[in-house]
Amino acid sequence: MASNGHFSSVGDVDGGNYQHGVQVVDGDKEFNPNLSKYLAHENVTPAGFNYHLISVFGSQSTGKSTLLNTLFKTDFSVMSETERRQTTKGIWLSKNKRTASNEKEKMADNVLVMDVEGTDGRERGEDQDFERKSALFALATSEVLIVNIWEHQVGLYQGANMGLLKTVFEVNLQLFLKDTKSTPRSLLFFVIRDFVGTTPLENLRNTLMQDLQRIWMSLSKPEGTENSTIEDYFDFEFAGLPHKSFQPEKFASEVDKLSTRFRDGHRDPSSTSAKGTAVEGGVFLPEYHRRIPADGFAVYAEGIWDQIVNNKDLDLPTQQELLAQFRCDEIAREVLILFDETIGPFEVQQAEGVRSGIPLILGSLGVAMRAARGKTMTSFETEASRYHKRVFMTKKSELEEKIDTRLKALFSGQLSAAHKSGVTQFSEAVSAAVKAGQKKGASYDFAEIVTRERKLAIEKFENEASTTMVEGAPWSDYKQELSLFQKDLEKISSQLRKDEMRRLATRVERWVRSRLGDSIDLEFNALGSGRGGSRAPENGDKPSEKTIWDRIWSLFVNTVLDAERRFTERARSFDASLEEVDVGLWRLRRKSWGVLRSKIEEEMMEGNILHKLRENFEDKFRYDDVGVPRIWRPTDDIEGIYTTARESTLSLIPLLARFRLNETSAPPPLDKWVGHMPSSASAADEEDLAPIGGVDEDDGKSLEEEMTMLSEAKRQDLTVRFKKAADGVYVEAKRSAIGGITQVPLYFYGLLLALGWNEIIAVLRNPIYFIFLLLIGVGAYVTFRLNLWGPMINMAEAASRQAVEEGKRRLREFLESSDSGRQAMAMSGRNARGTEEYEMSSNLKSKGRRTDTSDDDNDDDL
């Protein structure tokens, strides 16, 4: 197989062929941008730190890819048995595919295997640049470096890849120069191929270790590491595999046994084993891991390769800068872990508060921010200041910027929460104080409440902001936020004042409605009292019907003037401006006219006004000038009295049809009384106001139309209906007068005496009849003298009515107990429903027209 054609190689547009792996770097040193897609495809990206990377080194055509395919069940390209030439070009990566039936044979999760181009190939010749760069890349990313050599190469320099290992050691000193406790270690795993067993594996190990020690001693070590040993940086493992072709079964068995070693391991801190020696269990020790999260590995690897490839002065970056970059980044990550432990919970709480929409002020945030920032920067400076000065300063600035970015976000969020919370609490506190003042029934100073609560809110905001500040941070200033907070408080104060003004206007309007309702009721109830009667006042002059509109207008104006005085006095305590008061008074006058208009329309409803006219007529027809009820006699001028009373009542209809003052015979000056809209009024101030004819030009109604209470059609209909009602009263009076003239003829008494003489003599001669007749006569005389005939007649009528009702009830119960009876009752009910509704409406006229005049007790305390 010539190349890894079934892998996703560098240059693939979609990079979708991920079944077997991906080419990380091609032969021309180009990095594959699809590496992250492959890791996502293999579900490695969400693994965090739960992954492991293995690289394999060795001479070209020594079976490296074959070893990986057999050991990890990968599908790297291998050399054809019929020809010997390069198969692996660049660096390839694949995920371990080996599975196991039990936990003892199972490998670690997410093992990534990197197949590196072989060394000492004829294709590159003496060009060792790629060899050195690939070694640097593998060492910077891998935990375990597998060195694939043949048994007969042990003891050789080039054949045993000692030149490559020297490069690895040099690169390691450049990358991982650290103190002992934090030095990342790597594992060099020597796999000796075609192991026959004649030479014990331990002897081969000793030979290789001696060669490695000599190479290490020959290196030019950085200051401070002159006396270091190779075991300070590397651990070593050795394994031998039989010949694949000559001993295939044993080869497969040893490979299976070898696969069980690639699992997570743990080094016992109390162990006395020498450094550099293998440990029992898995080969993946925590100190081998490069601590790069899986989701950032692709970016990390690309950045490492970019640094390696673009170094034009040396094959590898200079010691100091590369080491400084690595160490500073590592130290920054370490100190940020502690920083996250302190600040992270606050960030989570603040984010949760933002998502919930509830402003959350974090307690002790300022203390935690100051402590975390100071401790983080101090720890970084202590650990990283000994490295390259320029890199250190750059990394310090980056770390400080990163920390300050997060702290600034927390600081801004805290101020934002304090801002929102302060505004909400200010609004609630003012509203609560106002409600408390209303409940007590006493007057309260709204302006004083607002001033007091605003001062408390600003003090609380400044306290929260000052305790959250971080000294020395350029962003730790809250003057602008304080100014915005004060502006918002002013807006809220203005809005609360407007709301309170609206509530005041509503209370005043309700007060006006209550006062006008009672007064207008009295005026309309007094219709007809000019001639006395049931509606006449007990004392004082009787009002004239012609001046009813004058009295109503006077009552209306005086009531509204009193309401304006109350409104103005209360508005002063709100610290309202003159413009706001003018707008409020203008709205009050318009609203009050609407209340009066509505009340008059209620009184002028067809049922109500007809009832009033009938009462007026009956007062004039049934009562004399001094209010004494008339008892009709045949000699009375019933027609004349009826005509006079009817015409007098009919004259009220045109009077009530239009709102006109008797003094001027013209409508009241409503337009002048309401006045023009103040210049400070907004569209919102007039959107809930009903248009008024003669005042609002856009309404299209004149003042005359606004003052029309009854249309011509309603007047005519009302006249007709009233005349019918008056005719009924007249007929009733006429009938009662005619019924009183019936007399018994005189001859009837002579006839009665002649025909009843025998019965009279029989009664007079019989003592029992005579005594009974005498008792009846005495009883009748006494009843007459005591004026008891009326009560006795009433009692008799009541008893008869009760007897009739009882009979009806018994009859109804009887009918309801039979089907035919229920059907008859249903038909009778439908026929009588119209009559009953008319009677009910007639009986409830005066009650149905009443409006709810009950107001809050606070209305009188405006």
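Cβ atoms are placed via backbone N, Cα and C, with glycine included.
Taken from Swiss-Prot, the feature GTP binding site applies to Gly58, Ser59, Gln60, Ser61, Thr62, Gly63, Lys64, Ser65, supported by sequence analysis. DSSP gives Ser61 (GTP binding site) a coil state; it is part of no helix or strand.
Per Swiss-Prot, coiled coil is recorded for 476-500, and the stated evidence type is sequence analysis.
The annotation domain 'GB1/RHD3-type G' is assigned in Swiss-Prot to 48-301.
Swiss-Prot lists 818-862 with the feature region 'Disordered'.
The topological domain 'Cytoplasmic' feature in Swiss-Prot is assigned to 1-743 (among others); the stated evidence is sequence analysis.
Summarising the annotation, Swiss-Prot assigns topological domain 'Cytoplasmic' to 789-862 (among others).
According to Swiss-Prot, the transmembrane segment annotation covers 744-764 (among others), on the basis of sequence analysis.
Per Swiss-Prot, the feature transmembrane segment maps to 768-788 (among others); the stated evidence is sequence analysis. If you look at the transmembrane segment (768-788), the same-chain residues 6 or more away from its ends with a CB under 8 A from one of its CBs are 762.
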Across all protein chains shown, the one of the binding-site residues Ser59, Lys64 with the most other Cβ atoms within 10 Å of its Cβ is Lys64
Counting Cβ atoms within 10 Å of each Cβ, the densest environment among the binding-site residues Gln60, Ser61, Thr62, Ser65 belongs to Ser65
Counting across all protein chains, other CB atoms within 10 angstroms of the CB of Gly58 (GTP binding site) number 25
Cβ density check for Gly63 (GTP binding site), other Cβ within 10 Å (all protein chains) comes to 21
